[in-house]
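A.B. asks: Just lifted these from Swiss-Prot, have a look:
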ACT_SITE  CYS50  active site, nucleophile
BINDING   THR49, CYS50, ASN51, ARG52, SER109, GLU114, ALA115, GLN116, GLN120  substrate binding site
BINDING   GLY190, ALA191, GLY192, ALA193, MET194, GLY195  NADP(+) binding site
SITE      HIS99  site 'Important for activity'
Amino acid sequence: MKLLVVGASYRTAPVAALERLTVAPADLSRVLTRLVAQPYVSEAVLVSTCNRVEVYAVVSGFHGGLGDICAVLAESTGCQPAALADHLYVHFDAAAVNHVFRVAVGLDSMVVGEAQILGQLRDAYHWASEAETVGRLLHELMQQALRVGKRAHSETGIDRAGQSVVTAALGLATELLHSDLACRPALVVGAGAMGSLGVATLARLGAGPVSVTNRGVDRAIRLAESYGATAVPIADLTATLSTVDIVVAATAAPEAVLTRAVVTQALAGRNPSRGPLVLLDLAVPRDVEPGVADLPGVQVIDIDRMAALVADGPVAADAAAVEQIVAAEVDTFLTWLRGADVAPTVAALRGRADDVVAAELGRLVHRRPDLTDEQRADVARTVHRVVQRLLHQPTVRVRQLAAEPGGDQYTALLRELFDLEVPQTSAVGTVPDVVVPDVDPQLGGDAEAPPTGGE
């Protein structure tokens with residue numbers, strides 16, 4: 001079996017395309033089930049965040065697996081296959097493992113080193129386990145990815161390799177407002193992971209008063225109390241907009257929350273001498289309706305703009321250390337993978353030998369009914385010892401060869417020579433606990449919000 005990664009991210013697709021590709025939490029189980037129902041796909045994990053949609057799969061063939069995954073993505077998102085292909089990247093086997101580990105440590109994130117993606121990978125693994133679409137190989141891959149991510153954050157300073165997206169975007173907001181954020185009134189829409197980071201960062205930068213609104217009132221109240229902010233009802237959104245200078249929008253609403261009509265009405269009651277109303281849209285799908293950016297007196301900073309903002313940011317020397325960690329861990333995993341691939345084949349070979357021995361002993365019993373039970377047992381033990389000795393050295397050697405780069409050819413040859421049928425691995429139903437590093441809002445970690453991180 002082979003590992004295949006098929007996905008799109010902020011690197012390959014604009015936010016509008018990612019919006020269409022995003023799989024809602026309620027649809028995850030259905031899409032995962034559809035994936036493993038395809039002829040070439042036996043295991044699947046689906047990662048869907050603001051900045052990436054990726055399928056990690058175990059497939060029986062590259063082209064067949066790629067076709068199956070693309071077909072399911074097109075079907076589940078309503079995207080035309082041709083349009084989908086424009087934004088997808090594909091990684092196979094060693095490159096697939098390398099990509100997943102780079103994602104886990106934050107090297108592939110909009111903000112290098114952000115830790116929030118670790119929690120999102122853990123959630124994706126959990127959802128796949130619940131849907132019974134994760135088996136032996138993806139179980140090991142996801143567990144190892146989580147360990148690698150934790151190791152990178154504990155052994156290096158990768159957390160500080162880049163600014164948080166919120167901090168970077170608010171830095172741009174200060175330029176647009178021609179002043180720092182101290183005492184600038186602000187509103188955070190959404191009380192999920194990204195909303196929490198927004199409130200924390202605004203508080204750290206001295207903005208205020210800060211208001212929080214959310215469809216779930218209790219969550220808004222709890223978040224506001226944590227940072228000395230004020231919770232306001234979602235019904236008061238328009239009125240609150242007219243009193244603030246900065247808005248951080250980070251809900252998981254399926255449609256835009258800050259529509260052109262809502263913002264236009266808010267602008268009518270706002271003093272234009274305070275400068276532009278700056279809207280930071282951190283959500284996918286977008287919280288700010290596209291037409292809002294055309295309104296006079298409004299500046300919209302969306303994910304596309306933030307990606308460009310942080311693309312040339314400084315990368316700490318710790319990133320190089322993390323690259324070394326990833327390279328070493330990829331080698332370790334590939335060695336395990338090659339061994340895992342040959343183990344069922346060796347077991348099948350020994351099983352075939354046992355079947356042959358049993359059949360021949362059965363024939364012996366029919367030919368020599370005069371043998372006593374003790375004699376039959378002696379013959380059986382002798383034959384088994386001979387077979388095991390004959391198989392010992394070849395199976396030890398094939399395990400050694402299989403652990404080397406390109407070793408899968410020896411496993412394939414063994415199957416071909418003895419016409420062995422190797423069953424697929426069974427699914428794993430539980431996700432062992434793996435501690436994910438806490439996200440410090442002052443150091444970043446807000447690059448990728450889970451699709452559930454809002455209302």
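Residue numbers in this text run from 1 along the chain shown.
Backbone N, Cα and C define each Cβ position, glycine as well.
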A.B. asks: Have a look at the recorded positions CYS50, ASN51, ALA115 and say which one has the shortest Cα distance to GLY192 (NADP(+) binding site).
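C.D. replies: It is CYS50, whose Cα lies nearest.
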A.B. asks: Pairwise over THR49, CYS50, ASN51, ARG52, SER109, GLU114, ALA115, GLN116, GLN120, annotated as binding substrate, what's the top Cα to Cα distance to the nearest Å?
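C.D. replies: Binding-site diameter by Cα atoms for substrate: 15 Å.
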A.B. asks: Among HIS99, MET194, GLY195, these being the recorded positions, pick the one whose CA is nearest to that of ALA115 (substrate binding site).
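C.D. replies: Result: the closest of the recorded positions to ALA115 (substrate binding site) is MET194.
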A.B. asks: Looking only at C-alpha atoms, tell me how far ASN51 (substrate binding site) is from HIS99 (site 'Important for activity'), rounded to the nearest Å.
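C.D. replies: That comes out at 15 Å between the alpha carbons.
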